[in-house]
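For reference, the structure discussed in these notes is given below.
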Amino acid sequence: MSAQREMKEKNPWHTPVTIITVIGVIAIVALVTVAVLQNRPVLQKYKYGIVLDAGSSHTALYIYEWPAEKDNNTGRAEQKYVCKVKGKGISSYANTPVKAGESLNECMQEAKMQVPTKRHHETPLYLGATAGMRLLNMENSSASDKVFQAVEKALQRFPFSYQGARILSGQEEGAFGWVTVNYLDDRLKQGLETTGALDLGGASTQISFVSKNYDISESPSNSVTFRLYGNDYNLYTHSFLCYGKDQVLRMALAHQTKSGPGTILDPCFHPGYLELKDYSLLYDSPCVSDRKPQNATGTFNHSGAGNFKQCQEVVKKVFNFTSCKYSRCSFNGVFQPPLQGPFGAFSAYYYVMDFLKLTDATMPLKDVKEKLANYCATPWNEIVKQHPEVPIKYLAEYCFSGTYIITLLTDGYNFTSESYSNINFIKKIKNSDAGWTLGYMLNLTNMIPAEAPDSPPLPHAGYVTIITISALILFVLFILSLRFICPSFQKTPHIV
Ligand SMILES: O=P(O)(O)OP(=O)(O)OP(=O)(O)OC[C@H]1O[C@@H](n2cnc3c(O)ncnc32)[C@H](O)[C@@H]1O
Ligand SMILES: [Ca+2]
C-alpha cells in the first residue's frame, strides 16, 4: 500500500502544477477556438426580389437583396439595382398594348444579369401600377386590361417567380411608401417615433403619417393599422388622384383656357416662354376632360408671365377648400388629422426642390418663397442658357412645380412656417430609393413580422469580445496561480 502511495506521489502527472496546466491549456484552447470559429468570415449568400414600379410618367425596375440566412427578419433588405425603363409609363400604350410589354424587356434582361442564375427561379417578381393605370382604368377599362395582359405575357417569359401585375390602391401606395421610409431608417424595429411620407408623382400624390390625436372612427377610409415588430401603428394615409404634378398642370391650364382664348399669359411659366399647344392633348385626361370648353378646338399659345404670387393664385384654384364634413380637412373635403413629427418628401418633391436648390431643411419658408419668386421671374432665354443639360420639358415646368409644391404643402396640407422645417426632401435612404416598392415587397414576402423576433442576448461583436477578454483573464489567473498557489513552480523543476 505504502509503495503504491509513494508511486502516486512521485508520478509527475499527479502534481497540482500539471493538473492546473492541463486544465488551463484546454480552457484557453477551447475559448480561442470558439472565438475564432465564430469570427471567421462567412460567405454571405443573398436572396432577391424584383418590383416594377409602373408609374404614370415612367416605369422603373428595382432589385432588392437581403442576406439569405437572415431572412428570418433580422437582415435588412436593400436596393441592389435600379433600371429606368425607356419611354413613358405603361398607361401611355393604351392604343398599342403590346409595346407596353416590349418596353420592359431591356430592364428585365438587365435583371437576369444582376440576379445570380441559381436564384432566378426563387426570386419573386411583382409589377405594381399606380395613378396612370388608375386613370386609364377609369376611362377605358378594356384598354387597361389589354395593357396588363401584354405586360403579364412579357414578364412571364423571364425565369423569375412571377407574382402578378396589378393596380395598387391609393391607400396601399401611401402606406407602403411610409413603410419603406421607416423600415430603411430602422424606426420600425426599434419602435422609434415614425417619419411621415410625402410622395408626389405625375398623376397622384400621397400623404401618410401617424398622428397620436387621430380618432380612427372619423374617417375609416383614411386609416391603415399595422402591427410591426411588436408595435401597433395607426396610420393616416390619403392619395389624391389627379394631384400629381402633370395632372395639376393640366388642371391649371384648363382653368386658364376655360374661355377658350387663343393665347394665355401664364404666371407659372417664365417671361418670354412661348409654346403652341394642342387643346385636345391638354384635355385628354379624366382629370380635366369634363371641363373642355365647347369652342376649344385646335391650338392655343401658351406664353409665360413669371409671377410667383399670381401663379399661387392660379394653383389654389385647383383645390376646393369650401366643404368639410369632418373636424378638420386638408382640401376637397378630405379628412386630415393634425400634422405630427418629421416628414420625408420624395419623388417629384425631391426632383423639383433639388433642381431649385431648396432642399435645405434649415431654410425658412419665407426664404423658399422669395427664391422661388426670383426664379419664376427670370426670363426663359436666361434659364435655357443656364441649364443646357436639363431637358426643356422639365426646365419649363420647375417654376410651376415649385409653386405647386409650396401651395400643396401649406394651403393644402396645412404646414405652417414652423412645421415646414419638419420636411426633409429626400431621394434615397441608405442607398435605397424612397418610394412604395420596397414596402410592397416586404409586405408580400412577409419580411416584417408582427412580433419582434427573438434576438440573441448579445450582438456577435460583443460575444467575441467577451470570449477574448475571458480567455485573457483566464490566462493571467493561470500564470498567477502557478506563481502563488504553487511556489514550487518558481523553482527550476528537477526532472530525475
Ligand atoms: O406616382 P405616379 O403618379 O403614378 O407617377 P410616377 O411614379 O410616374 O411619377 P415619378 O415620381 O416618377 O415622377 C413624378 C414627376 O416628376 C417628373 N420628373 C422625373 N424626373 C424629374 C426631374 O429630374 N426633374 C423634374 N421632373 C422630373 C416626372 O415626369 C413626373 O411628372
Ligand atoms: Ca410614383
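Note that Cβ sites are derived from N, Cα and C of the backbone, with glycine treated the same way.
Features reported for this protein in TrEMBL:
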| type | residues | note |
| --- | --- | --- |
| TRANSMEM | 12-37 | transmembrane segment |
| ACT_SITE | E173 | active site, proton acceptor |
| BINDING | G202, A203, S204, T205, Q206 | ATP binding site |
| TRANSMEM | 461-482 | transmembrane segment |
Fewest other Cβ within 10 angstroms of its own Cβ, chosen from the binding-site residues S204, T205, Q206: S204
Cβ packing number for A203 (ATP binding site), 10 Å threshold: 28
Cβ neighbour count (within 10 Å, all chains shown) around the residue listed as 'active site, proton acceptor': 28
The residue listed as 'active site, proton acceptor' and T205 (ATP binding site), distance between Cα atoms, whole Å: 9
Other CB atoms, at most 10 A from the CB of G202 (ATP binding site): 22
Those recorded positions in E173, S204, T205, Q206 whose CB falls under 6 A of ligand 1, listed in sequence order: S204
C-alpha spacing of the residue listed as 'active site, proton acceptor' relative to Q206 (ATP binding site), in angstrom: 7
